[in-house]
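Going by TrEMBL, these are the annotated features:
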DOMAIN    1-88  domain 'S1 motif'
DOMAIN    104-175  domain 'S1 motif'
DOMAIN    198-263  domain 'S1 motif'
DOMAIN    282-353  domain 'S1 motif'
DOMAIN    370-439  domain 'S1 motif'
DOMAIN    459-528  domain 'S1 motif'
DOMAIN    554-627  domain 'S1 motif'
DOMAIN    649-718  domain 'S1 motif'
Amino acid sequence: MLLLGCIKEVSDYELAISLPNGLSGFVPVTQISDAYSKLLTKQVAQGELLEELSSLPDMYSPGTLVRCIVTSVEKSADGRRSVKLSIDPKKVNKGLSSTALAAGMLLSGSILSVEDHGYLIDIGVTGTHAFLPHQKAKNYIKAVKKGPDLKIGQNLNCLIVEVKNEGRVVCVSIDRSEVAASIASERQNWTLSNLLPGLVVKARVQKVAPLGMKLTFLSYFTGIVDFMHMDPEKSMSYSPDQVVKACVLSVHPASRAVRLSLRPPFLHPGGAPRQLPGQRMGAVLEEATVKTFYKQFGAVFELDDGTLAFARLKHLSKTRKSFKPGAFKEGSKHKCRIIDYSLMDEMCVVSLKHQIIEARFLQYQDIHTGDVVQGKVLSLKPIGMQVKVADGIRGLVPSLHLSDVILKQPEKKYNMGDEVKCRVLECNPEGKKLILTLKKSLVQSKLPVLSNYEDAKPGLITHGFVVCAREFGCIVKFYNDVKGLVPKNELGSDPISCPDKVFYEGQVLKVMVLKCEPQQERLLLSFRLSSKPGPEDKWKCTPKEKQELKYQIGEIVDVKILKKKDNGLEVSILEDEDNVVAWIPTLHLSDFVTTSKLLWHCLQEGDVLPRVMYLSDKGEHIILSRKSAVISAVQEEQVVRSFSEIQPGMLLTGYVRNVMPFGVFVEFPFGVTGLAPKVSMSDKFVTDTKDHFVVGQTVIAKVMSIDEEKQRVLLNLKVSECSSGDSAAESFALLNQYFKELKEIWALLKKGKPSICELVPGKRVHLVVQDVREDGSALFSGSSVTGLTVTATRYHLGDKNIAPGEKRKAMVLHVDALTSEVYVSLREELLKQRP
């Protein structure tokens, strides 16, 4: 069935459509058009936002008329019917063929692509290409103010201006004045199989009846206008043979029924129905006058402002049995409440039911955070419990909030249909999202409701619930997702070493606000309700702890190597009377992972390492670092000393702590940790994270966002995002540092293995063949390569047949100082080259 509908609400995933006679339906995001669905599929496959894909709110506005086709009618568990619709031109215009197209026709189209001189339009007709020139679109674009261009998937009222090549090519216009002036005529050869809603026609009144009238139009079509779609100003003055303008509202091809409207806003294609003023929704009216009563449908009322409203039969009395038709004579007055507004009928929908007039909530907008509400249990699912608060208003009680303690088997406590008393934790009317709690200590709390950071004044005491207990303290949540930190030293009057063993997730506790920074959404709390908060209260270490810390992070010291261990160097800090022992992990010897390994290999016990930085005192040892980029960052104060200092957009120097399949953990000086998710790791597509980063690698990371609950930072490691501006200078500085460290390594090697330092790529050496292996490669020895393993692969032996004991001239290709391996070549084309 084809219908004309009006967009009521727009979300990211669907359009809510008002249909004639007070009905409503939904267009899912997948039923906009073929081109839009393809972009959606591509975005899902790539896992990142596409520039050419616009969201539904960017393309559609409430109050716009659209042609729809019913795709399905589903019945929900509570008996309500849900009408699913499509506005895809391929479905709406399926009755049209290319040969049936004629100039002057008005039909639905959707933007297929943006071209140099205009737009390609999908009108859903096989074998036809439709084109919209820029000239015919500019006035429309200016009027709708949705951007400089039309967007792929945008639905339009298209007027055919010209038909070429027997309908294979058509030129269309969406100019508002041209569209508004279009009237369907006999010349366009419309048939019942392709007649479209939204067409404006000249019709002749055939018969007038109390519930509507019969019209004839386009020579041989017959249509019906029901009482809700007569022009309210002329409803009593229609007579047979009268000629009127009418708009096609719906077409049911199977029953051949066509319904029309005579309401003025529909008599110009592209018009918009009148909207209801926002403050009228939910209004209770003491006296609404009955204008007409229809015993099979309901009653039409005239409201206090002169507008008309309709009440369905079931809304005129509490039950069918208590219904008295005699009470609704013309002119009688009744108390009612506006419960809805039908855009397509331009009429309020009212109810006379006592329980609806007295109802506290009619729509999500009536509910406020902290309200205590009664509800009925609808269903129990793993994520929580669904509760019906009122007709059309449903809320979710997350599993954490089903009770003061965590319920392992909630089905033993709650049954379907149970009445429950809840409190509103969060309400988002636009997204129709309602989160509730059943925790008695929150529902019955008489303390203030903390629902925004501005209200969190120092000294305020209120109830909150624990969402996270870790070694640093507890994260406590309130209403509207407001959350704060209770640091370790504020957990109780006695020290608590393991908060996770004392506090549990979901626990409701009284807390006191110590400090709040509303702009940063930072909140510092205490479980010690008697302590007086000071303006400068911060989570600091005690003076005693400060005295024990002999060195400050960032301090530069010289060290002597005491012991070489598998994963680092044990060192003593020089010029320290107490002979403090510290630890340099191998990966902290250099910014470059390969250089770190080489340095560890070359350094010997007793060697002195100058300019090493104090990093932390985790575990048993003081940790030191020799990473020059990290040292520079600390010295130039380009660091954050605590989680609270981090701001999105910052560029920070750190080192890879862990590489996981889902991303990379990066640690920064002063112990702050961040996560770079897989999608933000590299400018290239990441299949395996281990192909891009290794533990210990020095990185520059950009802060994307902050997650206070997990005390974690989300990072971006893409090279394109992590440059401070002069990328060339940064690159040369890194290269310069690399060569400087390489020079230092060669100096160390000269002391231990002088022979390896003389072998550089390109040098010619005289060698003796020692052995020829099964794979065709050969081993060599010689006076210049004493103590080294010298190898030539089969390819680099060329076409020479060699035997052990032969003397050969070779060229050095590569020297691996770490493994003491030298790779050489005997190929003539290399040896012939000038040194």
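Keep in mind that glycine also has a Cβ here, set from the backbone N, Cα and C atoms.
What TrEMBL says about a protein is an automatic prediction, not a curated fact.
Since the structure is predicted, the reported quantities are computational estimates derived from the model, not experimental observations.
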Between the domain 'S1 motif' (649-718) and the domain 'S1 motif' (282-353), are there three or more CB pairs that fall under 8 A, provided the residues in each pair are separated by 6 or more in sequence?
no
Range from 198-263, 370-439, 554-627, 649-718 with the greatest count of C-beta pairs under 8 A to the domain 'S1 motif' (1-88):
198-263
So, by DSSP, how many helix, strand and coil residues make up the domain 'S1 motif' (459-528)?
10 helix, 35 strand, 25 coil
Residues of the domain 'S1 motif' (649-718) by DSSP state, where helix covers H, G and I
9 helix, 35 strand, 26 coil
Composition by DSSP (helix, strand, coil) of residues within the domain 'S1 motif' (554-627)
13 helix, 34 strand, 27 coil
